[in-house]
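A.B. asks: Feature table excerpt (Swiss-Prot):
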BINDING   GLU33, ASP44, HIS114  Fe cation 1 binding site
BINDING   HIS35, ASP44  Fe cation 2 binding site
Amino acid sequence: MSSNNIKLKYDSGNILSKDVHSIGIIALGSHRENHGAALPIDTDSKIAANVALNVATKTGATFLGIFYGATEYDYIKHGHHLKKDDLVNKQIIPQLINIKKQLNIKSVIIVNGHGGNNLIIEDIDKISKKTELKIIFNNSIIESEGPHACTGELSMGAVLGITDMTSLKEHENFIKHPEVGMVGLKEARDNEPIINKEALTIEKEGFEVNMILGQDMLENAQKEIINEVKKLL
């Protein structure tokens, strides 16, 4: 018997609605980007994927995994990134077209965990048109995380088990790890006043690991995206 003849039980399980399966949740992070001594190079991807999976688990929306690419502003140099157009045209659009074809998805929420990916916001309408999908770009993670590889990411990372607590002192070495707070990234600080302001704060006040804060940040991001799922039903 052909698998196409199998009637799927869309109303089974602990889900918001049988229609929730038409909503996809996919993470967009950055897999190869320095985060000091205490966080791994794929911190953004791990945080975004965790939030995306938890939202899919709690709502029943279809978990679509993660995009493999990321982009970045040309004045921020702390990792390996794609040009924005390559990310959009060679990674995101083809992957979403395949997702729609295979799973009959109608809407996709992109859970963003990397600030540089904000460059693609101007292309969301294009992505939607090319893929024939409703696209929602959610920034709930990065809107609250603060300076790069500092308190926000360290705290969320600690909750997830990816922060190396034994390396926090080494993490403070801005000469060896200039990307932490972007303290040592002169070009980034010269080009973006907000980055410079945050870097000055980190130089003066440092950072901390706060498990309660990290848990709250992860849960608040999930709650915001869950509300987006509900709006789509």
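In case you wondered, yes, glycine gets a Cβ from its N, Cα and C as well.
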A.B. asks: With H, G and I counted as helix, E and B as strand and the rest as coil, say where DSSP puts GLU33 (Fe cation 1 binding site).
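C.D. replies: Reduced to three states, the DSSP call for GLU33 (Fe cation 1 binding site) is strand.
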A.B. asks: Starting from each candidate's C-beta and looking 10 angstroms out, tell me which of the binding-site residues GLU33, ASP44 has the most other C-beta atoms.
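C.D. replies: Checking each of GLU33, ASP44, the winner is ASP44.
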A.B. asks: With a radius of 8 angstroms around the mean position of the C-beta atoms of GLU33, ASP44, HIS114, what other residues of the same chain does the Fe cation 1 site pick up?
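C.D. replies: Those within range, site residues removed, are GLY29, SER30, HIS31, HIS35, ASP42, THR43, SER45, ALA70, GLY79, GLY113, GLY115, GLY116, ASN117.
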A.B. asks: Measuring Cα to Cα, tell me the gap between HIS114 (Fe cation 1 binding site) and HIS35 (Fe cation 2 binding site) in whole angstrom.
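C.D. replies: So the alpha carbons of HIS114 (Fe cation 1 binding site) and HIS35 (Fe cation 2 binding site) sit roughly 12 Å from each other.
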A.B. asks: Under DSSP, is HIS114 (Fe cation 1 binding site) part of a helix or a strand, or is it coil?
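C.D. replies: Going by the DSSP assignment, HIS114 (Fe cation 1 binding site) belongs to neither helix nor strand, so it counts as coil.
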A.B. asks: Using a Cβ-Cβ cut-off under 8 angstroms and a sequence gap of six or more, which residues of the chain neighbour HIS35 (Fe cation 2 binding site)?
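C.D. replies: The list for HIS35 (Fe cation 2 binding site) reads ILE41, THR43, HIS148, ALA149, GLU153, GLU179, VAL180, given in order along the sequence.
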